[in-house]
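What follows is a set of notes on a single structure, which appears directly below.
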Amino acid sequence: MTRIALIAHDDEKPEMIDFASEHQSYLQDIEIVTTGTTGKRIEDEVGIDVDRKQSGPLGGDLQIGAEVADDKLDGIIFLRDPLTAQPHEPDISALLRICDVHDTPMATTRKSAEYLLTGVALEDGVELQ
Ligand SMILES: O=C(CO)COP(=O)(O)O
């Protein structure tokens, strides 16, 4: 089963909700893992079930990184806020690094997220509109 992670920093959460709503019909058919607050908002506002880990500052990025280390993820969409310092920056760096180590695709902007999801869906034989 295809499994992807969705993560967004606070300023980027509206963008993530918009993205998840646009692709709701595909996302509801695959497994989604999220950090805590991102996942709560996706569940409440988009209406798809997700596997919610801890909030980012409490270790959620590391929990998702552990899945990458186990090669459980087909991709990560991580809409990062490039203009705000995060208290858990070391965890974020660790997640980026482990994605590089395992060649797990990561998209950090809306447009790259569209490309990533299009590619992942194609591997499932699904053409996103
Ligand atoms: O901080 C985050 C990723 O680094 C996101 O965490 P939340 O989804 O809990 O806000």
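Including glycine, each Cβ sits where the backbone N, Cα and C put it.
What TrEMBL annotates here:
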| type | residues | note |
| --- | --- | --- |
| ACT_SITE | ASP61 | active site, proton donor/acceptor |
| BINDING | HIS9, LYS13, THR35, GLY36, THR37, THR38, SER55, GLY56, HIS88 | substrate binding site |
| DOMAIN | 1-129 | domain 'MGS-like' |
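Annotated features taken from TrEMBL, shown on the structure.
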| residue | record | DSSP (3 states) |
| --- | --- | --- |
| HIS9 | substrate binding site | coil |
| THR35 | substrate binding site | coil |
| SER55 | substrate binding site | coil |
| ASP61 | active site, proton donor/acceptor | helix |
| HIS88 | substrate binding site | coil |
**OP:** Across all the protein chains here, work out how many other Cβ atoms are within 10 Å of the Cβ of HIS88 (substrate binding site).
**Re:** 17
Original post:
Minimum Cβ neighbour count within 10 Å among the binding-site residues THR35, THR37, SER55: which residue?
Top reply: SER55
Original post:
If you draw a 10 Å sphere around the Cβ of the residue listed as 'active site, proton donor/acceptor', how many other Cβ atoms fall inside it, taking every protein chain shown into account?
Top reply: 29
Original post:
Rounded to a whole number, how many Å is the Cα of the residue listed as 'active site, proton donor/acceptor' away from the Cα of HIS9 (substrate binding site)?
Top reply: 11
**OP:** Using all protein chains in view, find how many other C-beta atoms are within 10 Å of the C-beta of HIS9 (substrate binding site).
**Re:** 21
**OP:** Would you work out the biggest C-alpha to C-alpha distance among HIS9, LYS13, THR35, GLY36, THR37, THR38, SER55, GLY56, HIS88, the residues that bind substrate according to the record, and give it in angstrom as a whole number?
**Re:** 17
